[in-house]
Amino acid sequence: MSKPLKVLCLHGWIQSGPVFSKKMGSVQKYLSKYAELHFPTGPVVADEEADPNDEEEKKRLAALGGEQNGGKFGWFEVEDFKNTYGSWDESLECINQYMQEKGPFDGLIGFSQGAGIGAMLAQMLQPGQPPNPYVQHPPFKFVVFVGGFRAEKPEFDHFYNPKLTTPSLHIAGTSDTLVPLARSKQLVERCENAHVLLHPGQHIVPQQAVYKTGIRDFMFSAPTKEPTKHPRDLTMIVAVSSPNLGIGKKNSMPWHIKQEMAYFANVTSSTESSGQLEEGKSKIMNVVIMGRSCYDSLPKKNRPLKDRINIVITRNSNYNFGLTKKEKMPENLYAADCIDSALDLVAEKYGADSDIQVGKVFIIGGSFLYGSALYHPLTKNLLFTRIHKEYPCDSFFPFEPAESSDWVRKAHPELEKFVGIPVEEGRLKAASSNKEEVEIEFELYGKNDDVNVALEKLSIC
């Protein structure tokens, strides 16, 4: 088994490492299933005390998330609830020592002041930056900023130039009065690969499932090693129970609809829209990338999926595809530990010496891999089969594309051109295996990669 991700978690003002771990609540418990979370304590002693006669000041101090007996520390000095940014260099040296002892770390989660110092830290460590006297550590693969902000003093501008290129997820509260959306927006503007999740709360780490899975999916969208040197556009293809966005139950599909299954097979097999066959190649084959549980759920007679290159994403280096010792390894079936590794494997196995030309690359599930692909910079398209019936499910697609500003629905002619086969338009009557009549609809969405879309989410109306 490969090692789990290691994540550096930086607390906010008047907190400590243990307090932040506790304040993360169910998020910490959930993420700990997938990663090692480490919680250092800042070196700045916070002596902030509220005037006992000032209720507003008491509420504001409580909102910062400290605990009476939990220790009160920070990463910057503060006066009258405003960051002076004193001791920032001491804090970086403290973090550096912790990283040398406990690291290296794959990524960072920072809350409030922890996000503020974390943004500086990530920028100093990103590729292409000159050596600095404060921190020595490999670049982070991802950063998550909750209630994050940019230091507003001009002497700190060098921490935001050039822009942070490390993939960043910004989680901000629409009711946050301590770090308003306008301040979070200033940080997003200095991040080149930014994603934004908004929650309706105040200055907190939101506990709802969508944010827990969002952080997890974002962390695992980062490549386990170097980003692929052989980029190809990725297309997610999924059938979804609407409106609950269910995609499975007990690791199997809760419906069996002939038209839906035929559409999936035809689209992922068709190479009509993959261009001309190159000289020296005998055929074009598409790639289907899936999670281990998704592959294991396929009927054995259908594994691997015929006439397609199958790649299973698993961190188990001993995964054997469910084969017995006597069974021969099928052709065009491989394992990789992440999407980027899968693309590198495709380039290695189907290069100039191969007679097979690679067509489209599809992400076919399950929910964990969909979540990772959602944040992957190479994901450009989503083929969304909407089943207009709500089935009981225990796994779900991570978002509704029709309600997302990051995705734009394409016209039906564009759908047909993209898949290369005729597709019926609108809501179609179909029958499930138990003769129950349902309606299905085939949709195509294109991803909007413009960072201004993320900034629009943080606009103040």
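Quick reminder: no glycine exception, Cβ is built from N, Cα and C everywhere.
Sequence annotations record features per position, and here Swiss-Prot assigns NADP(+) binding site to A239, 246-252, 292-294, 314-316, 365-372 based on similarity to another entry.
Sequence annotations record features per position, and here Swiss-Prot assigns substrate binding site to E260, M261, A262, Y263, F264, A265, R308. The Cβ neighbour count for Y263 (substrate binding site), using a 10 Å radius over every protein chain in view, is 21. Reduced to three states, the DSSP call for Y263 (substrate binding site) is helix.
Annotated domain 'DHFR' per Swiss-Prot: 233-447, in sequence order.
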Using a 10 Å radius around its CB, how many other CB atoms surround F264 (substrate binding site)? 19
Should one count Cβ atoms within 10 Å of each candidate's Cβ, the binding-site residues A262, L369 would be headed by L369
Rank the binding-site residues N251, S293, S372 by the number of other Cβ atoms within 10 Å of each Cβ, and give the residue at the low end. N251
For G366 (NADP(+) binding site), name the DSSP secondary structure in the helix/strand/coil scheme. coil
For a quick check of understanding: given the listed substrate-binding residues E260, M261, A262, Y263, F264, A265, R308, what is the maximum Cα-Cα distance in angstrom, as an integer? 18
Work through the binding-site residues one by one (G248, G366) and point out the residue whose CB has the fewest other CB atoms within 10 angstroms. G366
